[in-house]
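Read the structure below first, then the notes.
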Amino acid sequence: MESVEEKSKQRRWLPNFKALRLKVYRLADRLNIPLADAARVELEEYDGSDPQSLRGLQKLPRTLYFGLPLPDSELDDTGEAKRWFPRNKIRTAKYTPIDFIPKNIFLQFQNVANLFFLFLVILQSISIFGEQVNPGLAAVPLIVVVGITAVKDAIEDFRRTMLDIHLNNTPTLRLSHYQNPNIRTEYISYFRRFKKRISALFRVFLAKQEEKKRAKRLNDAVPLEDMAGSESRPSYDSIFRESFEAKRSFEDSKGKVPLSALDGTATILQSRPMDIIDYEAEATGECHFKKTYWKDVRVGDFVKVMDNDEIPADIVIINSSDPEGICYIETKNLDGETNLKMRHALTCGKNVVDEASCERCRFWIESEPPHANLYEYNGACKSFVHSEAGGSDTSQTVSEPISLDSMLLRGCVLRNTKWVIGVVVFTGDDTKIMLNSGAPPLKRSRITRNLNWNVYLNFIILFSMCFVCAVVEGIAWRGHSRSSYYFEFGSIGGSPAKDGVVTFFTGVILFQNLVPISLYISIEIVKTIQAIFIYFDKDMYYKKLKYACTPKSWNISDDLGQVEYIFSDKTGTLTQNVMEFKKCTINGVAYGEAFTEAMAGMAKREGKDTEELTLQKQSFIERDRMQMISQMRNMHDNKYLVDDNLTFISSQFVHDLAGKAGEEQSLACYEFFLALALCHSVVADRVGDRIVYKAQSPDEAALVGTARDVGFVFLDQRRDIMVTRALGETQRFKLMDTIEFSSARKRMSVIVKGPDNRYVLICKGADSIIFERLEPNEQVELRKTTSEHLRIFALEGLRTLCIAKRELTEEEYYEWKEKYDIAASAIENREEQIEEVADLIESHLTLLGGTAIEDRLQEGVPDSIALLAQAGIKLWVLTGDKMETAINIGFSCNLLDAGMDMIKFDVDQEVSTPELEVILADYLYRYFGLSGSVEELEAAKKDHDTPSGSHALVIDGSVLKRVLDGPMRTKFLLLCKRCKAVLCCRVSPAQKADVVQLVRESLEVMTLAIGDGANDVAMIQKADIGVGIVGEEGRAAAMSADYAIGQFRFLSKLVLVHGRWDYNRVAEMVNNFFYKSVVWTFTLFWYQIYNNFDANYLFDYTYVMLFNLIFSSLPVIVMGVYDQDVNADLSLRIPQLYKRGILQLNSARKIFIGYMLDGFYQSVICFFFSFLVINNVTTAAQNGRDTMAVQDLGVYVAAPTIMVVDTYVILNQSNWDVFSIGLWALSCLTFWFWTGVYSQSLYTYEFYKSASRIFRTPNFWAVLCGTIVSCLFPKFLFMTTQKLFWPYDVDIIRESYRTKRLHELDEEEEIENAEQSPDWASSTLQVPFNASSSSLATPKKEPLRLDTNSLTLTSSMPRSFTPSYTPSFLEGSPVFSDEILNRGEYMPHRGSISSSEQPLRP
């Protein structure tokens, strides 16, 4: 029987032999290669499918021991810890220097096109198939494409590798010589030892080099005054240098922290029942906080983080330099939020202040398994408490719950705190930042997905051509009536059937260009440059945050031009998310004066003069504000009030607070605002004489800030003591417990103990949540009055909350507290257990009142929504606000108008599901005459028009949940499809994602979701395109999105300009790419007619190799990057041009087939024109050689073919300027240059000096010109006819722009605007009302409206100009004038007539 030592030794050697084998098993499993049963079992054991495996244990809750030995249940048979924890060394790079080449090549050849071309290279290396071609030369195109991609991947990965190295070698403080029982004995393989030696030598070498550089810098020192203002960006070399210098500095100091680092430590207090220090244990004195690298930190280690240092791993806070155990962190690296957040140390660790106390700690932590939720952590810290009772020493286990409030996550930065001592619970890939760093859902653009169909079609054509060649060639060899039977040495294969097979594969090699090898890399290059253009668009740069529109996914820019549905959050997306407390209701009395944007919108709909009404309201509010401030100053001197920042205006409130309306109302006002000053989680920060509140929610900051302004000031919080000053009187409340807010609970509660020793629970939340928790049969009239006030507030566009309280006895509290502590200490399902316990105490509440907060619209939102609607895009708003609030915001932002028929889908919970389905069916039939059948849904998929009616649907979240979960999805979707606007209110993040998924999958349309908060991430990732706004709630949405912008108004240009351009560019580019491949390949096919279809080359092989790679790629790439039919201004002024993208007219398959047929026709001309002309003429060079040799014929055919292809591409471009024409000329010249230079080489054999012979003959130039004209004239004639008699919308707009008619329209509009009365302001496209200004904002230039019914170009404002078009739009205006080319103006748009789009007729 093996000893424990032998087993331990065997286990240490185990990784050395199994590591490689397991990697092979994993690779085979990913490739779906069947594994043997033994291999499958071994893989599952070490990969975690088996719960008892090393990695499987990692997925279970973990228990970590500190100063205590591991129990037997945590040990294996060798005495080692069962658990395996990942190293803290992380790697975000895809490759290492060793595996880059094989891994990158393996990933690239997962692309089917690359595999196909690799197959061709292998075929050509076999002499029977590729005897005419050098295999090395045949591999050049594939090597170039793979090489370019590899270089691009290497550049991208190099940066990640450098950042990984820098991060892993960041120094931190770890308790050295501490016996950590949680870590298994680590086996270091020979390879890792080798790497460590190499790294050590590398560091020594760099250190010596740095010493030389430092000495040289000292010798060549520059005076300080000469260096003033000089600043350089850090390089990777400087990053390494700083890392190695830091290492040397702390190694020179033996890694010990100087005593000065412990200045300001917390005073050691007397031991209490919950204390993790064993004061009877003796410290060895060998443990010190020694500097080490992040990569060496392990689970179970004590670490010490200093001020402004980054957190190396996920750690539980044991103590901090603050006497109350408070520390502050910045979480910008995790969620993008820059405001500081407060964290609290465990109360049981308040005496842990130095190395000795850490060494004497005796406790264990029960932790949940690692997961990616950044906002949740459940754990418990437990230890033994010894007590002497009845003369015997007994031990009792005590516990303290651990939540996220006591955690520091890797990536956060410690701020405003001298030091923090903590213990590591998660390292490396188990940390939350790494679990959240996984790649977002892979999104491929629609054109890219549809590209497979084009490729498959070309494969079918390719194999058909090869099959024809194989059959005909086999038949030809079988017959004896041809001269080849007598002059050839026999068939290659030995029989007609084998000859056919050989010819088939030789044909695959010959016609390979039909599947363009450079297509995918060209598309990737084009989309990368398009993303760069988007990023550098100054019109989408948000100056306030210094943030440009940032593409995160570079491969879906063309999808932006096909969006049909936009799903938008409201708060922070349409609004500013800057909350202003405007009104409140207290004890049935409403307070506050305000004139909101929604109120202005209602006045406008009622036909009132909003300008005059605004002046009246503002004048009244200003007088009331001055009166209120004067009354408050007389009541008490509030030094924290800044007069200009006061948003809650109500002199009546101060009057009632002073008791002039009775003692009852005065007490109610006092309790209401004192509750606001206590029920929160904000941090008070003193800035001079002012107090500024930092909160995770802008609503909470507004509530506490208004309480401060009216005299109820929250001063500070130390541990569990909240200090307030109410009307000048300082009070201290003990915070007993906080029940946090969550999106599921929709409420928050605190329990405080007042100066009079009374226990009070204060609860704030949504009105529907609070009202159902009030004391039954109490405050009946107050409930009705408050509900009416809240309804009015919501109609005014304000966000509402309710405040309530409950007084508790000490017995009630501690009875509940016992249950709450059990729930709070639970490792699993803690949230659900806390919710159950919270329901016990958050009941029988007494209503105090309600608040109303205004969230103003962002600048430009109404204009942007109007533009998107005119473009044919449907906008749905998904918000968590009340229905009334959402409706009024909808009116304010032009989503709704007074003429709409509102369908409010809000029913009681008592209504059963069958009854709800009847109601939904009634709505659908009554308004639209539909039954909700599957056939109607299929018809709806093909209908992309804007709903013709004037209906708007508003649905509540509770009803929406039942609709989405039941069989009513089809009826609901049809109802929404027929409505011009849809508002979903009171919805959860999951419901937002479900709505997006329903529309996207059921209607098969392009969807875009836009939001600004973490609750929008699910919706953003579910949509085809996700757009995140960098806002007040952090950058969680922006980090998860495909595009990040600063304001909603930038969305209109992103979609209507860049999206439309990129869609047109990519669609046209793909069609032209396949067109040129067809032209080139079929010229080779026609040659086979005169060659027994034996798959011989017409061209020199270099032509075949370079055609798609060099000769014809540049014009197509320029088209994909640079082309635009109209400029950005016209794209925004005439948003109806966007509808072609929604209908996918430019990427329709019939358009693709048209290009293929055009290429087929041109291939006939290119080959037969040259062949038939030359075949009937005998020509000879000066040396007497007949120039009709096959290589010379190849030049005769290749030259016009390449010229035709390049000219055809630029003819399809809409925008001609010096740049595009220059690149077109460069592409053409490469052919002439290559032919002239390459044919001078002796190694070209029969091709030797072909250029010098052929280019001297006039026949060649006659054939060249004739072929180009014959190929392109039908296309030019078709384009001219289409634009003259069946012009598209864009053709009319471009012609109007060219003939200055749009400029004349602008001038007439300006004249009419000056003469126009204010009545026109009722237009839905007017500039949004700004209540803060003294008058209505000046209207901007109106977008043009293209009326396709009357087929005239009209403006949205009254005018007398209506252009009429003669049969010749371009009469008297040359198409290709030098002036236009020099200015880079736009050429008339090319296109083809589509039956799906009704062309505009004169």
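Positions of Cβ are set from backbone N, Cα and C atoms, glycine also.
The transmembrane segment annotation in Swiss-Prot covers 109-129 (among others).
The transmembrane segment annotation in Swiss-Prot covers 135-155 (among others). Nonlocal intrachain contacts for the transmembrane segment (135-155), taken as residues 6+ away from its ends with a CB within less than 8 angstroms of a stretch CB, comprise 94-95, 100-101, 104-105, 108, 114, 117-118, 120-121, 124-125, 509, 517-518, 521, 524, 1101-1102, 1105-1106, 1108-1109.
Residues or ranges marked as transmembrane segment in Swiss-Prot: 457-477 (among others). Long-range Cβ contacts of the transmembrane segment (457-477) within its own chain (Cβ-Cβ under 8 Å, at least 6 residues beyond either end) map to 484, 491, 496-497, 499-501, 503-508, 511-512, 514-515, 1074, 1077, 1081, 1085, 1088, 1092-1095.
Long-range contacts of the transmembrane segment (501-521) within its own chain (CB-CB distance under 8 A, at least 6 residues past either end) are made by residues 111, 113, 116-117, 120, 123-124, 128-130, 133, 138, 141-142, 145, 148-149, 451, 455, 458-459, 461-463, 465-467, 469-470, 473-474, 492-493, 1070, 1073-1074, 1076-1078, 1080-1081, 1084-1085, 1093-1097, 1104, 1107-1109, 1113. As annotated by Swiss-Prot, transmembrane segment applies to 501-521 (among others), with the evidence given as sequence analysis.
For D569 (active site, 4-aspartylphosphate intermediate), the Cβ neighbour count at a 10 Å cut-off comes to 30, with all displayed protein chains included. The feature active site, 4-aspartylphosphate intermediate is assigned by Swiss-Prot to D569, with similarity to another entry given as support.
Taken from Swiss-Prot, the feature Mg(2+) binding site applies to D569, T571, D1012, D1016. For D1016 (Mg(2+) binding site), the same-chain residues 6+ apart in sequence whose C-beta sits under 8 angstroms from its C-beta are D569, T573, P989, K992, A1009, I1010, G1028, A1037.
Annotation comment: Swiss-Prot describes 569-571, E700, F741, S743, K746, K764, 799-800, 879-881, R986, K992, 1015-1016 as ATP binding site, evidence class similarity to another entry. Take the CB of T571 (Mg(2+) binding site) and look out to 10 A: across all protein chains shown you find 26 other CB atoms. DSSP assigns T571 (Mg(2+) binding site) to coil in the three-state reduction, outside any helix or strand.
Long-range Cβ contacts of the transmembrane segment (1066-1086) within its own chain (Cβ-Cβ under 8 Å, at least 6 residues beyond either end) map to 445, 447, 451, 454, 458, 462, 465, 510-511, 513-516, 519, 522-523, 526-527, 557-558, 1097-1099, 1104, 1107-1108, 1112, 1116-1117, 1119-1120, 1123, 1146-1147, 1151-1152, 1155-1156, 1158-1160, 1162-1164, 1166-1168, 1171, 1197, 1201, 1204-1205, 1208-1209, 1212. Annotation source Swiss-Prot lists transmembrane segment at 1066-1086 (among others).
Per Swiss-Prot, transmembrane segment is recorded for 1101-1121 (among others).
Remote same-chain partners of the transmembrane segment (1151-1171), defined as residues 6 or more beyond its termini with a Cβ less than 8 Å from a stretch Cβ, comprise 454, 1067, 1070-1072, 1074-1083, 1085-1087, 1090, 1145, 1193, 1196-1197, 1200-1201, 1204, 1208, 1263, 1266-1267, 1270-1271, 1274-1275, 1392, 1394. Look at Swiss-Prot and you will find 1151-1171 (among others) tagged as transmembrane segment, backed by sequence analysis.
Annotation source Swiss-Prot lists transmembrane segment at 1193-1213 (among others).
The transmembrane segment feature in Swiss-Prot is assigned to 1218-1238 (among others).
Tertiary neighbourhood of the transmembrane segment (1260-1280): same-chain residues 1158, 1161-1162, 1165-1166, 1169-1170, 1173-1174, 1195-1196, 1199-1201, 1203-1204, 1207-1208, 1211, 1254, 1388, 1390-1392, selected by CB-CB distance under 8 Å and a gap of 6+ residues from either end. The feature transmembrane segment is assigned by Swiss-Prot to 1260-1280 (among others), with sequence analysis given as support.
Sequence annotations record features per position, and here Swiss-Prot assigns 1,2-diacyl-sn-glycero-3-phospho-L-serine binding site to K1275. Counting every protein chain shown, the number of other Cβ atoms lying within 10 Å of the Cβ of K1275 (1,2-diacyl-sn-glycero-3-phospho-L-serine binding site) is 17.
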Cα separation, K746 (ATP binding site) to T571 (Mg(2+) binding site) (Å, whole number): 16
Neighbour-count leader, CB within 10 A, binding-site residues: E700, D881, D1012: D1012
Alpha-carbon distance [D881 (ATP binding site); D1012 (Mg(2+) binding site)] in Å: 15
Number of Cβ atoms other than its own within 10 Å, given for N1015 (ATP binding site): 20
Inter-residue Cα distance where the pair is K1275 (1,2-diacyl-sn-glycero-3-phospho-L-serine binding site) and N1015 (ATP binding site), in Å: 53
Cβ-Cβ distance under 8 Å to K746 (ATP binding site), same chain, at least six residues away: G765, A766, I769
Neighbour count (Cβ, 10 Å) for T800 (ATP binding site): 24
Rounded Cα-Cα span from K1275 (1,2-diacyl-sn-glycero-3-phospho-L-serine binding site) to T800 (ATP binding site), Å: 64
Three-state secondary structure, D881 (ATP binding site) (per DSSP): coil
